[in-house]
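Enquirer: Quick one: the structure is below, questions incoming.
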Amino acid sequence: MLLHGNLSAPNGTGSDPAMFFLMGIPGLEALHVWISIPFCSMFIMALLGNCILLYVIKTEPSLHKPMFYFLAMLAVIDLVLSTTTMPKILRIFWFNSREISFNACLVQMFFLHSFSTLESTLLLAMSFDRYVAICNPLRYVTILTNSVIAKIGLAALAQAVLLVIPLPFLLRRLPFCRSHVISHCYCEHMAVVKLACANTRFNNIYGIIATVFIVGLDLIFISLSYVKILRAVLSLASKEEQLKTLGTCGSHLCAILVVYTPVVLSSTMHRFGHHVTPQVHILLASFYLLFPPMMNPIVYGVKTKQIRDRVLLLFRGKTI
């Protein structure tokens, strides 16, 4: 379904389209209901898992520590990422509700990209937490105070907002006088940029620079943190001490793999997978919005004894 009409302003400058139409997964429309089953299941698991994680961290005094404060921030980010997109995706799959207003599309895009950015930066903050805990344990409490943690969180949020907020404003400057059908499940930046009937080079360059600046630098600093952590671990006397110390990083390393693996796969497929169908690209992009929010509570719940014990007590109906 297309929206045609005179949606461009005089002198070729263009104006905001009244409505966009999200296609879901083009070519797989007949399977949307079936695809919605795993999507909906993962969405419910992500909501329950992160809400339980936040409740456990809030109500368990022994978890009021820097690592768990960062974990609570990660849970909030995962909730925002999944709730920003999944309700609309499920409406497309179940009710063929494809319409989304231009402003709603820009708002969804802003929250999607800013909180994805924030998630990457928070993983860097968590690697700093592990670095201090292992390489400078005697000063851990004095370095990572509640005030410092709050400042790190606010700085990460400010960076994400400042880097992403130009995207919707840059899109507002573009005329959309051709098709208003977005070949995607949600308002991803490049999927919307492709619909503009103007030179979008600046939008493309800004999007690439912002991604490389954030994800690239975060990965570099995370790698540097773990190089230093590994050196500190290898300097320990016994193999048992080495494994025990490195085990405290297990949950964070799993979270890094869970978040970055779909990103790397998607980027690789876009650049080198020329024979990969658009359906696979869209499925992978949508999977990225659900897999980390679903897996992070499981990873930390399984690998962190305090959380695991508290959750078991919660489900047994007991109180501490």
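A Cβ is built for glycine as well, from the same backbone N, Cα and C atoms used for every other residue.
TrEMBL: automatically predicted annotations, no manual curation.
What TrEMBL shows for this protein is this:
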type	residues	note
DOMAIN	49-300	domain 'G-protein coupled receptors family 1 profile'
TRANSMEM	31-56	transmembrane segment
TRANSMEM	68-86	transmembrane segment
TRANSMEM	106-128	transmembrane segment
TRANSMEM	140-165	transmembrane segment
TRANSMEM	205-227	transmembrane segment
TRANSMEM	248-268	transmembrane segment
TRANSMEM	280-302	transmembrane segment
Enquirer: Which range wins on Cβ pairs under 8 Å with the transmembrane segment (205-227): 31-56, 68-86, 106-128, 140-165, 280-302?
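Expert: Looking at each of 31-56, 68-86, 106-128, 140-165, 280-302 in turn, the most contacts to the transmembrane segment (205-227) are made by 106-128.
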Enquirer: What stretch, picked from 68-86, 106-128, 248-268, 280-302, has the most CB pairs under 8 A with the transmembrane segment (31-56)?
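Expert: Maximum Cβ contact count belongs to 280-302.
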Enquirer: When the pLDDT values for the domain 'G-protein coupled receptors family 1 profile' (49-300) are averaged, what is the result?
Expert: 87
